[in-house]
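Q: For reference, the structure I am asking about is given below.
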Amino acid sequence: MASKLEQKETPQANGVPGDRLASPERAEPPEFLGPAGTGVEVVVLESRANAKGVREEDALLENGSQSNESDDTSTDRGAEPASPLKETSFSIGLQVLFPFLLAGFGTVAAGMVLDIVQHWDVFKYVTEVFILVPALLGLKGNLEMTLASRLSTAANIGQMDTTKELWKMITGNMALIQVQATVVGFLASIAAVVFGWIPDGHFSLAHAVLLCASSVATAFIASLVLGMIMIGVIIGSRRMGINPDNVATPIAASLGDLITLALLSGISWGLYKELESRAYVNPLVCAFFIFLLPIWVLIAKRNSATREVLYSGWEPVIIAMAISSVGGLILDRTVSDPNFAGMAVFTPVINGVGGNLVAVQASRISTYLHMSGEPGDSPGTAPRKCPSPCSTFFSSDVNSRSARVLFLLVVPGHLVFLYTISSMQGGHTTLTFIFIVFYMTAALLQVLILLYIADWMVHWMWGRHLDPDNFSIPYLTALGDLIGTGLLALSFHVLWLIGDRDSDVGD
C-alpha cells in the first residue's frame, strides 16, 4: 500500500485519479493526517464526490444488501472506481417497475383528459393549443427530469448530506426552473403561433395573447408543483436506501403530464371565456409572470450550484421545446381530422413512456460518469462516439443491462396501459389485434431508437465537457415526443388506409 506521503502528493500532481486514491485517508481522524495542514486542505478541496468524507461505495445507494460492503473503510478499496457495477438486472427492474407503472398511469390519465378536452371550444377555435400540448408536457423532460437527474447525482455523490447543502440546492434549483419555465413557456407560445399561422396564413392577436398567457401560467405553476414533488422524492429515496436515478425521473412524469395538461386545459378555457368581456385579463396574466423573472434570476444567480446552468443551460431546453413543438404540429394536424380523433388519448401515453424510460437511462449513465470524475475526464473506458447497437444492448456493462431491462418493460407496460384505456372506455378506437400490433411496433421502435441515442449522446456530451444531467435529457425527451407522435400518426394513417374498420379509427 502506498505511503501516506505519496497519497497526499498524488492529488496535487495528478488531479482526479489521485483524489480518488486519497479518499480513504480523508475518512481517518485528523491526528492521522499529519501536521501538513495545507496539503490536507488541498486534498479536501480537490475532492468532488467525498468532500464530506462520504465513501463512494455509500454514494451508490443501490440497495440494503450492500450495507456490509459500504461499511468497509480499508484503504484496499480506495482504488476501486465508483461505478454501480453491483446492480443486477433484477434489482434495476424492481426499483424501476413501480415508478414506471405509476408514471404510465399518469400518462393514461393525461390521455383521457386530452381525449375529453379536445372537444372544448378553446381547442376547437384556437387549435394552436394542440401545438402547446407536447411542448408543455415536454417540460417534465426539459426541466423536471433534468432537475431530478441533477439532484440525484448530487445526492449520490454526497452534496446533499447536510441541511445547509440541502437548502442551498433546493432554493437555487427551484428558482432556476421557474426562470426556465417562464421563458420556455413564452417561447412555446410564440412557436405555436408561428406553426399555426404558416399553414393557414391566418393570425389573430387575441388568440396569440391567449396562447402566451396560458402557456406561461401553465409552465410556471406546473414546474413549481412538480419541482417540490421531485425534491421530496429524492430526499425520501436517499433515506430509504433507493438509488434516486431509478425512481426520480419516472415519478417526475407520473403526475407531470396530468397536472400540466389539466392546468393548460383549465387556464386556456378560463382565459378564452374572458376574451369577449374582459380582454385585458390575458395580457395582465402574461405581464405578471414575466415581471417575476428578475426575482428568480437573482436567487438562481446567487447560488453557485445553479449559476452556471442559468447562463449555459438555455440551448437544450429551447431546442427541445422547438422539437416538441414540431411534434405538436403533427398532433394538431392529425387530431383535427375527424378520421384520426382517436389518436389524442394515446399520444401522451406513448410519448410519456418513451420519455420516462430514456430519462432513467440517461440519468444512470450520467451518474456513472460523474462517479469517475468531471465532464471531459475519461470514465475508465473511452467515451463512445458511435457505439454499436450490440454494445448498447448486449454487453455485460451495467448500463447495457439497464437498457435491456428498460426495453423489456415496453410491451407489458403498454399492454397494461392500453387495457386501462379500453376498460375506461377512453378514446375513439377499439383495440383490435392489428391495432395493438401497429401500436406496439411504434412503441418498441421509439424506445429502441431513444436508448441507442442516449448511449451515444450522454458519452458524447461528457467528452465535450458538458454535464449530461443538464444537457442530455431535454433533447432525449423532446425526441421522444417527436418520434412517438410521428410514429403513432403514421400508424393511424396506415390503419385507415388498409381499412381496419373494426378498430373504428375514424369514428
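Backbone N, Cα and C define each Cβ position, glycine as well.
The following feature annotations were taken from TrEMBL:
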REGION    1-38  region 'Disordered'
REGION    51-84  region 'Disordered'
TRANSMEM  96-116  transmembrane segment
DOMAIN    133-267  domain 'SLC41A/MgtE integral membrane'
TRANSMEM  174-198  transmembrane segment
TRANSMEM  204-235  transmembrane segment
TRANSMEM  247-267  transmembrane segment
TRANSMEM  279-299  transmembrane segment
TRANSMEM  311-331  transmembrane segment
DOMAIN    347-490  domain 'SLC41A/MgtE integral membrane'
TRANSMEM  403-421  transmembrane segment
TRANSMEM  433-453  transmembrane segment
TRANSMEM  473-498  transmembrane segment
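Surface or core, plus neighbours and distances: that's what I need for these features.
A: Each residue in the domain 'SLC41A/MgtE integral membrane' (133-267) gets a DSSP state, and the totals come to 119 helix, 0 strand, 16 coil.
Panel annotation: around the transmembrane segment (174-198), residues 127-129, 131-132, 135-136, 139, 142-144, 147, 207-208, 211-212, 214-220, 222-224, 227-228, 231, 286, 289-290, 292-293, 296-297, 299-300, 303, 306, 309-310, 313-314, 317-318, 321-322, 325-326, 328-329, 332 of the same chain, lying at least six beyond its termini, place a Cβ under 8 Å from a Cβ of the stretch.
Long-range contacts of the transmembrane segment (204-235) within its own chain (CB-CB distance under 8 A, at least 6 residues past either end) are made by residues 126, 128-129, 132, 135-136, 139-140, 143-144, 147-148, 151-152, 155, 160, 166, 170, 173-174, 177-178, 180-182, 184-186, 188-190, 192-193, 244, 247-248, 251-252, 255-256, 259-260, 263-264, 267-268, 271-272, 275, 279, 281-283, 285-286, 289-290, 292.
Within its own chain, the transmembrane segment (311-331) is flanked in space by residues 130-135, 137-138, 141-143, 146, 176, 180, 183-184, 187-188, 191-192, 195, 343-344, 347, 351, 470-472, 474-475, 477-479, 481-482, 484-486, 489, which lie at least six positions past its ends and keep a Cβ under 8 Å from the stretch.
Same-chain neighbours of the transmembrane segment (433-453): 346, 350, 353-354, 357-358, 361, 387, 389, 392-393, 403, 406-407, 410-411, 414-415, 418, 476, 479-480, 483-484, 487-488, 490-491, 494-495, 500, 502-503, 505, counting only residues six or more beyond its ends whose CB sits under 8 Å from a CB of the stretch.
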Q: Of the listed stretches 279-299, 403-421, 473-498, which one has the most C-beta pairs under 8 A with the transmembrane segment (96-116)?
A: 403-421
Q: Using Cβ atoms and a strict cutoff of less than 8 Å, what residues sit near the transmembrane segment (279-299) while being 6 or more residues removed from its termini?
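A: Answer is 171-172, 175-176, 178-179, 182-183, 185-186, 206, 209-210, 212-213, 216-217, 220, 271, 310.
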